[in-house]
Amino acid sequence: MDNTTSVLTDDAFLNLTTIGTPIPTEPSGAGPIVVGVLLLLVVIITLAGNILTICAFVSNILLRQKPSNLLLLSLSCSDLVVGATGLPMAAIHTGLGYWPLGKAGCITLAFCSVVGVSAGMYTVTAVSLDRYFLVSREYPAYLKLQSARNVKVTIAAAWTVAVLISSCEAIVWVTGDYTSVDYTKVCLSPVRSDPRFTHVIFVLLFVIPFLVILISTLRFSFLLRKRLRKQKQARRPSFDAVNNRLAPAKGAHKVSNSATSTFLTSEFPSEMETTEFSSGLGSQQQPPLSPNQNAEPRRPLKRKPLDASWRKKSFFGMGDGSLGGSFSRAKARRRYVKPAVRLAILLGVFALCTLPYPIFIVLSKGSDCDDCILRQVRNHLSNLLLSNSGLNPFLYAVMHRRIREFYKTKLTCKRRCC
């Protein structure tokens, strides 16, 4: 194998160890065996975790009702594909020191692994765009834009592009006359030795998705802070306006509009007992004072604060009704703050596991040597990229209560597994 190709060559997207000829049929030392065993454990964790996640979505209709959750289901499916193809390839090739499945097995597993990695990249990009759409427009407009149909179309597009990228490599691989690779010793795509191919795939799989993720995440953070600050400022004047309407005029003993008081009493009887409206209604039932009698000052009733239940009513057209409907602190936390925290966790782990590999590929030089340290570092970073598929199920359990409860139920054997 010629080692004079460009920096972005060979296994740019999979952990296909590119050890040159000659290659020992047995791993040298205990290091590769230990790494192979660790990768095998990651394979088991990845398969079990993502299968449980998919079962949670299948068995719980509430998880499927929210369209944005379908993106997590798609991400779990892509992680399952990586756990069934890419990680076992890395474990077998690293632990044994040679490739026992031949050319057909190498092409098949490489094709499926590239599909899983690519679909995961584009799905995470779709998740970041979904969070940006959440804060860039009003919630009804967001629900209309990110409907179940549109989300499914986005998922289908991500998987279609992933299959096309992997198919292009597989077709060139199968139809090309490549005799330089011994598939009894290594599983290596000779197509990736072409700098033009590797640069195009590098841009499609890393540069474009990460640029979209970066821009949408920065815009999401800016718009989220702006929206929360605006709602916090708008909530105070709306309360003052409601309090001014509720406060009675000086010396007034009657409610000017009996129809309004009757409507309020019939619709909110429990709340009228502690508000100024009840004071006005009570004054109508008291007999009028004679001119000789001195009016004793009434003891002011304690006004009930406008809590979340009042703000949800918003029949004055103020308060939450003027802010887009039924807004409260708890709803703001569910609608904006929690998605922000979940996005930060998901993208943080994704970036830590994925970014080091392409950055190293771009910056490193001379990493095509057979047994040098740079080659080993590149292989370990590739393993880290693939291992992200095993970490995501734990993130789902942290971010979603229903998924966490499903994990707990199945792992404690309280119910029969799906």
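The backbone N, Cα and C atoms fix where each Cβ goes, glycine too.
Residues 27, 64, 69, 72-73, 76-77, 79-80, 82-84, 87-88, 90-92, 94-96, 380, 383, 386-387, 389-390, 392-394, 396, 402-403, 406-407, 410, 417-418 of the same chain lie 6+ residues outside the transmembrane segment (33-58) yet bring a C-beta within less than 8 angstroms of a C-beta in it. Summarising the annotation, TrEMBL assigns transmembrane segment to 33-58 (among others).
Per TrEMBL, the feature domain 'G-protein coupled receptors family 1 profile' maps to 49-396.
Residues or ranges marked as transmembrane segment in TrEMBL: 70-92 (among others). For the transmembrane segment (70-92), same-chain residues at least 6 beyond its ends with a Cβ under 8 Å from one of its own Cβ atoms are 14-17, 36, 39-40, 42-43, 46-47, 50-51, 53-54, 57, 63-64, 99-101, 109-110, 112-113, 115-117, 119-120, 123-124, 126-127, 130, 148, 151-152, 154-155, 158-159, 162, 187, 382-383, 386-390, 392-393, 396, 400.
The transmembrane segment feature in TrEMBL is assigned to 107-134 (among others).
Sequence-distant contacts of the transmembrane segment (155-176) (same chain, at least 6 residues past either end, Cβ-Cβ under 8 Å): 70-71, 74, 78, 107, 110-112, 114-119, 122-123, 125-126, 189-192, 197, 201, 204-205. What TrEMBL lists as transmembrane segment is 155-176 (among others).
Under the heading transmembrane segment, TrEMBL lists 196-222 (among others).
Taken from TrEMBL, the feature region 'Disordered' covers 275-303.
Here TrEMBL flags 278-294 as compositional bias 'Low complexity'.
Residues annotated as transmembrane segment in TrEMBL: 340-361 (among others).
Look at TrEMBL and you will find 381-399 (among others) tagged as transmembrane segment.
Outside the transmembrane segment (107-134) by six or more residues, the chain places 13-14, 16, 68, 71-72, 74-75, 77-82, 84-86, 88-89, 101, 142, 145-146, 151, 154-155, 157-159, 161-163, 165-167, 169-170, 173-174, 187, 189, 205-206, 209, 212-213, 216-217, 219-220, 223, 335-336, 339-340, 343, 346-347, 350, 354, 385-386, 388-389 with a CB less than 8 A from a CB of the stretch. The list of residues near the transmembrane segment (196-222) in space but at least 6 beyond its ends in sequence, with Cβ under 8 angstroms from a Cβ of it, reads 6, 8-9, 12-13, 117-118, 121-122, 124-125, 128-129, 131-132, 134-136, 165, 169, 172, 340, 343, 347, 355, 358, 361.
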